[in-house]
Amino acid sequence: MSMAPIVLAAGGTGGHLFPAEALARELLERGHRVVLVTDVRGTAFGDALREVPVHRIRSATLGGGLLGKARTALELGIGTLQARRLLSRLEPAIVVGFGGYPSFPAVYAAAGLRIPVAIHEQNAVMGRANRMLARRARLICTSFPEVQGMDNVDRARAVRTGNPVRPAVLALRDRPYEAPLPGGSLDILVTGGSQGATVFGEIVPRAVAMLPEDLRLRLGIVQQARAENLQAARDGYAALGVQATLAPFFRDLPERLARCHLMIGRAGASTVAELTVAGRPSILVPYPHATDDHQTANARAVAAAGGAWIMPQPEFTAEALAARLTALLTDPAPLAPAAAAAAAWGLPDAARRLADAVLGAAGLGNGRSTPDSQMRAAE
């Protein structure tokens, strides 16, 4: 067991916190001490892993205008001083950052103290915080084979580990995809969260209404929808004779994913990781306002492997979706190969790979090489 702790720096959204939690679990199982440095949004992390001490420091997202940028710089500066004092006391073996501005103070402070640094990038486009920190990192772990925003110097220190998923999703690896039968039902899961529920709530019911009745009645819909739109959506599907289950949030989403023949949703890093680990085909509609359009890059990677179809939001019309659904209802044969391609692309052992890489960079052993340890960087 290492007496020096391994510090994880993550905060903000779940997309940054989920992989940190997965790495923490893996490291704890191997007998290592783990500490989390986070912002106010990540303090609930301790509820999931009570063995992990949680330290909150100041941070901020990038503000607009001169005043906003000045406030961000001030908050990050204060956070860096707090992190420097904390790390000087903890003397960690390595600090691992998971992107986003909440990770910046701890990683930047670690580099200044000459503590080994690793960063994990969840998307196919390197985030702005990770770009600023990349040159200070001994190790860059990526989720995609190709990552935009990296140069050759970064590439030499990069390893594809994948993006760890929740245990409930990982368990789906043992549940093979059951392809729909010709002339049988087609079960569709529609997700989207706060940034997707509105567009999917408008387009999907209209597309279903355009289908011939004999095809429409073969559909089963499970769909996330905003609370204020639930009743109207239920009434609309009922009038069409379509079996539909709608809710603002599904606590059993992994189980819903396991049962579906096709998923329609966004292309965030966590969504892509879960789809590919589960081995489920999808129609991906990238969120058009994502920073640096990273969701389009995410979707293209899976589509290029044959595991998904991309519909950019301007092209995600009721008519276009109806045509796609008609084709799959008429001939579902493409779904099984797409599911297999998604599964082949995914890395179900991402937590193990990430732990191996981090421990190797810290000089703590357990750093086993993996077949996918080489990656390419798209400049």
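Sequential numbering from 1, following the chain as shown.
Cβ from N, Cα, C; glycine included.
Sequence annotations record features per position, and here Swiss-Prot assigns UDP-N-acetyl-alpha-D-glucosamine binding site to THR13, GLY14, GLY15, ASN123, ARG166, SER194, GLN295.
Its Cβ taken as reference, ARG166 (UDP-N-acetyl-alpha-D-glucosamine binding site) is surrounded by 16 other Cβ atoms within 10 Å in the chains shown. Summarising the environment of GLY15 (UDP-N-acetyl-alpha-D-glucosamine binding site), the number of other Cβ atoms within 10 Å of its Cβ, over all protein chains shown, is 19. Its Cβ taken as reference, ASN123 (UDP-N-acetyl-alpha-D-glucosamine binding site) is surrounded by 28 other Cβ atoms within 10 Å in the chains shown. Secondary structure at ASN123 (UDP-N-acetyl-alpha-D-glucosamine binding site), as computed by DSSP, is coil. In this structure, ARG166 (UDP-N-acetyl-alpha-D-glucosamine binding site) belongs to neither helix nor strand by DSSP; it is coil.
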